[in-house]
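As recorded in TrEMBL, the features of this protein are as follows:
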type	residues	note
BINDING	Ile101, Asn125	substrate binding site
BINDING	Arg180, Ile181, Asp200, Pro235, Leu236, Thr237, Glu238, Lys239, Asn261, Asp287, His311, Ile312, Ser313, Gly314	NAD(+) binding site
SITE	Arg263	site 'Important for catalytic activity'
SITE	His311	site 'Important for catalytic activity'
DOMAIN	419-648	domain 'TOG'
Amino acid sequence: MTQKISDSKKIVGVFYKANEYASKNPNFLGCVENALGIRNWLESLGHHYIVTDDKEGPDCELEKHIPDLHVLISTPFHPAYVTAERIKKAKNLQLLLTAGIGSDHIDLQAAAAAGLTVAEVTGSNVVSVAEDELMRILILMRNFVPGYNQVVNGEWNVAGIAYRAYDLEGKTVGTVGAGRIGKLLLQRLKPFGCNLLYHDRLQMGPEMEKETGAKYVESLDEMLPKCDVVVVNTPLTEKTRGMFNKEMIGKMKKGVLIVNNARGAIMDRQAVVEAVESGHIGGYSGDVWDPQPAPKDHPWRYMPNQAMTPHISGTTIDAQLRYAAGTKDMLEKYFKGEDFPAQNYIVKDGELAPQYSLQDSSPLPVTEKMSEYKASLTNKPCVGKMNGKSEDKPLPSSLALETEKPEGEKATVEVEYIESENLNDVEDADAVLKSVLAGLDSKDWVSVCDALNNVRRLSIFHKDAMLHMLEKVIPLVVKSLKNPRSAVCKTACMTSADIFCAYNDHITDLLDSLLTQLLLKSSQDKRFVCESADKALTSMTSYVSPTLLLPKLQPCLKNRNPRIRAKASLCFSRSVPRLGVEGIKEYGIDELVQAAASQLSDQLPESREAARTVLLELQTVYEKAHPLIKPDTASSSPEEEHNPEAEPITWEIFCQSKLSALSAQAVLRVTNVVAVTTRDGLVTTGSSSSSQL
């Protein structure tokens, strides 16, 4: 998206009108009249800047500018709804900016398909929203609104307020979502002496949990019934739209207080009304509605025990100064063709940010199609070596990059994922060996996929020739695993699997960064990428010697990310049996027991089940090495009866001697429920060595 400063762009801003209030504060920038304070700057650069609040209907002011605008700026407080239909009409549109946080007013899937960039000023108003949420909790808890209304109406009835006013101290407050705003809220609630809970995709690190005093609850169904106050801090996505319906609200305590400054559409509108009217919800407060501005007949305006306001929490004067500056900074970078701060992107290169992507969508089993604007592709026919061919010629039809498209149409890029058994040898191994590093480090993602597939071919057909290059190749494979483009990431996962198969123990010294990325990708990416990363991890545990692999896995069992811990636990449980009976003894059964025991208390069931599997196998090995002496064969000699060496150390005694009391109790609970006969034969007795070159 390289631009020349001399290029004149049409930029449209959609903000609320301030009318007489616009001149009352020179820093009131987020309104039509003051237009983020960037009008003079934009016009001095030769750009055309149009600002309006008229955004709805076929004849609105915004609609007139849709066909030829280049940049559209909007705010969450007066959002311009950018539908797929509007995107289709906007032939020149390149950039959608949100002055603030939250881009759900945009059809993000349509924007990604059209190759648009969507960005927001991440962090610009998180403090403002967190402070507002704290205020709303106190307003509801102390029954403030009826008291205020009494004063305005000339009344004085203390009982009418006090009968449902409570202290915040000692109450349980749970936040659904613990991103930037959620963490700030928890930090601000800690001094009030509340019991703080949070539910999120990922658990915070121990330092942040200590700082906030909050406890992670993996299951939302488990957290909600415990809460006196529920705060909604999750983004609006297709998965969270209407999440708090009648059934979900029914799981909460009777009289629960709800604060929602996230998005109105996360709530089932009518379910909230009915629950407030019945008293199941004791009070509801927020500043977000669906739609916005809220119509005069919106039922939330008239339900009892509400403390609703217009969408104001994130548009304080301080926040306006921050998101105006952030918008200007991104426009400057846009004009220069520079990247924005990574955390600001919501859609980039056809990829959605993780919180907006559809993680549950069906994987693409064979190809991934990426759409991009014609301007981002060259007009030259694509050439490459996706099938190991080094000569310049068009790719096979299943891999063609279509660039010869009529004006305004999108181009489609297809990448074929080739299974290892279907890969063909390269025609000129020496030439590919010389070029593969440059290909892996290319800025062109198609070239990177090409090079990754060539690494796979070299590993399979020329593994001796590739061996000396592994030290340089593997860091570039790790770089590809970090690539936000799913096609590159999946191909890198497939490459990792083939490297493990070919080189097994020869890559142990290079394994750490590769292992970390595969664990991460297998736990939190698009499903088809997760599945490919899982296959790579299976290849790793199958071909890398467990004696060398287990020391690499053990630190991952303590990772802050519970999903990474779960995947590491599964790899651990697959590797331990490959040691064999003698290998387990040599490695140290006590060390393995301690590692597995630490996972029994993990929050994810996958970790706990993997630990149980390992412990059952370790118990089998231990009991084979320390058989119990049956009473009918025991010596009656008094000397032998009192000889400690003649008395076997049972599994129970062993666990109690190596573990804390609680850990030993947990281990014995999961191992003693299964009869010894059902465990026979779980451990392999073969050699633990892996295949060598």
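Cβ coordinates are placed from backbone N, Cα and C, and glycine is handled just like the others.
Predicted automatically and left uncurated, TrEMBL annotations should be read as such.
Keep in mind it's a predicted model, so treat the numbers as computed, not measured.
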NAD(+) binding residues Arg180, Ile181, Asp200, Pro235, Leu236, Thr237, Glu238, Lys239, Asn261, Asp287, His311, Ile312, Ser313, Gly314: largest Cα-Cα distance, in Å and rounded to whole number: 25
Spatial neighbours, same chain, of Leu236 (NAD(+) binding site) - Cβ under 8 Å, 6+ residues apart: Gly102, Asp104, Ala262, Arg263, Ala265, Ile266
Sparsest-packed of the listed binding-site residues (Arg180, His311) - C-beta count within 10 angstroms: Arg180
Average model confidence [pLDDT] within the domain 'TOG' (419-648): 86
Binding-site residues compared (Asn125, Asn261, Ser313) - highest count of Cβ atoms within 10 Å: Asn125
Position of peak Cβ density within 10 Å, selected from the binding-site residues Asp200, Glu238: Asp200
Neighbouring C-beta atoms (10 Å sphere around the C-beta of Arg263 (site 'Important for catalytic activity')): 24
Under 8 Å by Cβ from Ile101 (substrate binding site), same chain, sequence gap 6 or more: Pro76, Glu120, Val121, Thr122, Gly123, Ser124, Asn125, Val126, Val129, Gly314
